[in-house]
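This report refers to the structure that appears directly beneath it.
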Amino acid sequence: MNKRVLSKNTKMISHYFEHDADIGIIGRGSTIERAFESAAEVVFAIVTNLETVQPDISVAFEFEEENLEFALVTWLNLLLGKARELGMVFCHFRIHRQGNLWQAEALGEKWHADLEHGVEVKGATLTMLSVKQIGEIWEARCVVDV
Amino acid sequence: MDLQQLHQIQPYLWTLPLKPGESRKEVLLYGSKPLLESMDDKVLEQIANVASLPGLVSAAMTMPDAHWGYGFPIGGVAAFDAEQGGVISAGGVGFDISCGIRCLRSKLNIQDVRPHLSTLADRLFHTIPAGVGEEGLLKLDTKQLDQVLLGGARWAVQQGYGREADLEFIEERGCMAGAVPANVSELAKKRQRGEMGTLGSGNHYLEVQVVDRIFDTTAAQAFGLQENQIIISIHCGSRGLGHQIGTEYLVSMAKAAGRCGIHLPDRELACAPIKSPEGQQYIGAMNAGINCALANRQILTHLTHETFMEVFPNSELETLFDVSHNTCKIEKHKIGGKSRVLHVHRKGATRAFGPGHDTLPERYRAVGQPVIIGGSMGTGSYVLAGSSDNPAFASASHGAGRALSRHQALARWHGKQLIGELAQQGILIRSRSMRGVAEEAPGAYKDVDLVAEATEQAGLARRVAFLRPLACVKG
């Protein structure tokens, strides 16, 4: 698990882009998987201040998807769905790709009143959706509905 | 939006001329020059894409409050004929299926409420689950949720939430036919287990308002509205369940479109022929999502009524109307003098049946359907009535429409400061999210007065009353 501590949410400003009604998010990393993990952090940083979330509970899941861009949307929506189903907020993410199979793990804690209330993210969309390599960096982006 | 590329047909109606070699149906944009000028160019691109979908009838249209959405612009209206290969589009319905506004009228007036407004706002904030992480009091298992998805607001009334009389003033009488809970995934149902009777966040709200101005006394009388009367508006939708349906079907329809021979200019326009198995499956799930939203607003209505009773014993809240603005409904419309059955997509657009429509409650039949344009928390909202000569498949605007992105708003306003400024204007805000308040700053929205005026001038609906905000619970 990538245990690196997130920088303050405000320092993540370069991970967002403009959309009229909602919010564009950008995840970046040295591999596709790291870019997906970064995208998940960016999404959950809209929900709360991730620095204050404890990675106490682990949730594992997997899904199949051959298309990289649909995989990004599926990954983010499964995370948001699991978080809501379990009443949790996630702060650390790991995903591993083996062919079309994506194995994922998210760590976080149950939602409680002491956590900073951000904005609920309802889901990732296909708008401005792209997963591409720019130089040595992979970039995963889409608009999330809030 | 650069108006040079448009042709003005009437003072409040514009069209986008076809470019050489372009193959699509007509595009119609309703609104005033200033409103259209303030729209993002993406609106035009998106509605032109909609006009290229198979089986579109007449034209793809945008309402005066249109803004950049997902595939479809928000404020987009498009009707399709199943018999002509018409499609159903998850993007044309939106993620928050059946998001809408429940409007309640009280017998209280501003003088009754003003001295107790702070207490009322606090009590509502305490009672209404709102914002990220907040769960409702109800915890439903899958079997119970299936009953919600079949029964809608009718289910909620049967469980003791609200009154039978509410149902008459909800679209579809509170229960959307054709719902198929089996077409809704387990994850969608799991997401919803704790979310019945919750407001959500983003642009959702519960607002206490006062009737500030009457425009149409006859319609106002039919709607039971008079100046200084207290009104409550609840804006929310189908919560996590609706979104899960939207996202899952969007991906599956995007993949299916190629198999069905449909060229998608934008993947977010993902659609399937209405008569295809994929199309029918989505329609069953979407109708279930509509019932989820109707039940949700019914439970919130009940919680609101109970809270009012605590602060104002014996107070009565009646449902004025409940109208959805993210739907696809099967309706009959006259096209070229012939009645046709169409699938009318309204993405961020309100149904606005005119006087005499047989689905309207008898009380409103002579004046037309109540149409609610929700504004920002600092400006106000409008109640309108559907026009008999509505040219847009009986559709009208649904809100003010954003002028600034959430990011721009966040950079410009601070939640706490904004709450203080609004309090000085006599508007009380209750929210756990200062970020959410800043993103929803009144200055981030277009002028709702211009939207309502353009809606009337374009012949979409007639202004009946202006509602001024007094207290707002935000997620």
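Just so it is clear, glycine is given a Cβ too, placed from its N, Cα and C backbone atoms.
Taken from TrEMBL, the feature Mn(2+) 1 binding site covers B:Asp96, B:His204. Marked as GMP binding site by TrEMBL: B:203-207, B:325-326, B:374-377, B:Ser381, B:398-401, B:Lys474. Summarising the annotation, TrEMBL assigns Mn(2+) 2 binding site to B:His235, B:His325. The feature active site, GMP-histidine intermediate is assigned by TrEMBL to B:His398.
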Integer Cα-Cα distance in angstrom, B:His398 (GMP binding site) to B:His325 (Mn(2+) 2 binding site): 7
For B:His204 (Mn(2+) 1 binding site), the one of B:His235, B:His325, B:Asn326, B:Ser376 that lies nearest, given that the binding-site residues are compared by Cα: B:His235
Under 8 Å by Cβ from B:Gly401 (GMP binding site), same chain, sequence gap 6 or more: B:Asp65, B:Ala66, B:His67, B:Ile74, B:Gly75, B:Tyr445, B:Lys446, B:Val451
When distances run from the Cα of B:Asn203 (GMP binding site) to each of the binding-site residues B:Asp96, B:His235, B:His325, the nearest one: B:His235
Sites among the binding-site residues B:Asp96, B:His204, B:Asn326, B:His398 close to chain A [C-beta, under 8 Å]: B:Asp96
Assigned element (helix, strand, coil) containing B:Gly401 (GMP binding site), judged by DSSP: coil
Spatial neighbour of B:Ser376 (GMP binding site) that is closest, considering only the binding-site residues B:Asp96, B:His235, B:His325 and their CA atoms: B:His235
Closest of B:Leu206, B:His235, B:His325, B:Asn326 to B:Asp96 (Mn(2+) 1 binding site), Cα positions, binding-site residues only: B:Asn326
B:Asn326 (GMP binding site) and B:His235 (Mn(2+) 2 binding site), Cα-Cα, nearest whole angstrom: 12
Which listed residue (B:Asn203, B:Asn326, B:Ser376) has most other Cβ within 10 Å, given these are binding-site residues: B:Asn326
Between B:His325 (Mn(2+) 2 binding site) and B:Leu206 (GMP binding site): CA-CA distance (Å): 17
Residues satisfying Cβ distance under 8 Å from B:His325 (Mn(2+) 2 binding site), sequence separation of at least 6: B:Cys99, B:Gly100, B:Ile101, B:Arg346, B:Gly348, B:Ala349, B:Thr350, B:His398, B:Gly399
